[in-house]
Amino acid sequence: MASQLIREWTGIQQFPPVTQTKLIELLGKLKQENVSTLTILVMGKGGVGKSSTVNSIIGERAVAVSAFQSEGPRPVMVSRSRAGFTLNIIDTPGLVEGGYVNDQALEIIKRFLLNKTIDVLLYVDRLDAYRVDNLDRQVVKAITDSFGKEIWRRGVVVLTHAQLSPPDGLNYEDFFSKRSEALMKVVRSGARLRKQDIQDSGIPVVLVENSGRCHKNESDEKILPNGTAWIPNLVKTITDAVSNGSKGILVDKKLIEGPNPNERGKLLIPFILAFQYFFIVKRIQRAIKSDMAKERKAPWESREANRYEP
Ligand code: GDP
Ligand code: MG
């Protein structure tokens with residue numbers, strides 16, 4: 001990572017002063033906890049707003065955004081530093097192709113991450129989607145199989161397109177809670193998380209509106225329909241995830257080349273089978289053989305004896 005060109009984080013000056021103050025305060029808190037680098041991995045399906053969210057956080061057009069899913073096949077890491085603090089955000093290509101999880105794309109992402117530590121995972125989807133399906137589950141499962149379920153202790157679910165008018169009869173908060181509940185159900189099942197795997201607070205869900213037409217408050221901050229200034233809110237959720245007592249995920253050779261980190265127990269299977277073979281199957285075979293040997297002593301029961309009968 002040392003050879004990486006780290007630019008000064010000038011994009012922060014694009015934010016209104018109130019936002020800048022909040023961000024500097026949040027990063028300052030991390031520095032007090034001796035965290036001077038933050039590496040954020042952004043994943044999800046294609047076209048959900050991953051790249052736009054990266055640009056929104058950095059405050060500049062650092063990665064390409066496309067309305068027509070023609071994103072490059074490789075991850076991109078954007079690094080910016082400010083006052084001794086380095087922010088790395090890794091944008092990745094969508095994980096789905098032709099209705100399936102693209103294993104090759106996942107493999108490329110894993111190799112890209114080699115020797116890096118993921119401090120936070122942003123799992124991105126859209127707020128304005130009305131259903132979750134098995135494909136969502138598969139995407140979560142693919143992430144979990146690659147990095148282990150511990151990654152969800154550093155996970156934040158990000159819902160883009162947050163400036164929406166819910167369909168008739170639903171207010172905004174109800175729509176948001178229904179959508180995040182449905183998505184969290186899929187995340188829990190795809191990641192095979194039990195209640196005790198996640199902290200009491202669960203995986204946080206945050207809203208994002210990347211559109212240039214996002215409403216603003218009197219301090220010129222981009223706000224959600226509920227009035228929350230979403231950029232400082234997103235960064236706060238990210239810094240809280242770093243301080244929640246869990247560990248970042250070091251992507252080492254063992255993790256990317258070894259067995260699925262959630263299924264290490266399966267390594268024991270050949271030994272169990274060998275044990276069964278030598279201590280159970282062999283014994284039964286011996287018992288059968290000795291039975292057969294005894295039977296031969298009774299000629300009236302053998303086939304040879306029967307064959308001569310009329
Ligand atoms: P990615 O494939 O997940 O990286 O998605 P992109 O960031 O390239 O976005 C796909 C399209 O959705 C682009 O046309 C973006 O302008 C648009 N988009 C992304 N986020 C938002 C959002 O929060 N609100 C709106 N209205 N459009 C968005
Ligand atoms: Mg993209």
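Residue positions begin at 1 at the first shown residue.
Cβ coordinates come from backbone N, Cα and C, glycine included.
According to TrEMBL, the feature GTP binding site maps to 47-52, 66-71, His161, 209-210. The Mg(2+) binding site feature in TrEMBL is assigned to Ser51, Gln69. The domain 'AIG1-type G' annotation in TrEMBL covers 35-259.
Distribution of TrEMBL features across the structure.
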residue : record           : DSSP class
Gly47   : GTP binding site : coil
Ser66   : GTP binding site : coil
His161  : GTP binding site : coil
Asn210  : GTP binding site : coil
Completion exercise
Taking Gly47, Gly49, Ser51, Phe68, His161, Asn210 as the binding-site residues, the residues having C-beta under 6 A from ligand 2 are Ser51
Handout entry: Those residues of the chain, 6+ apart, with a Cβ under 8 Å from that of His161 (GTP binding site)
Key = Gly49, Arg126, Leu127, Asp128, Glu209, Asn210, Ser211
Completion exercise
Of the binding-site residues listed (Ser51, Ser66, Asn210), the greatest number of other CB atoms within 10 A surrounds the CB of Ser51
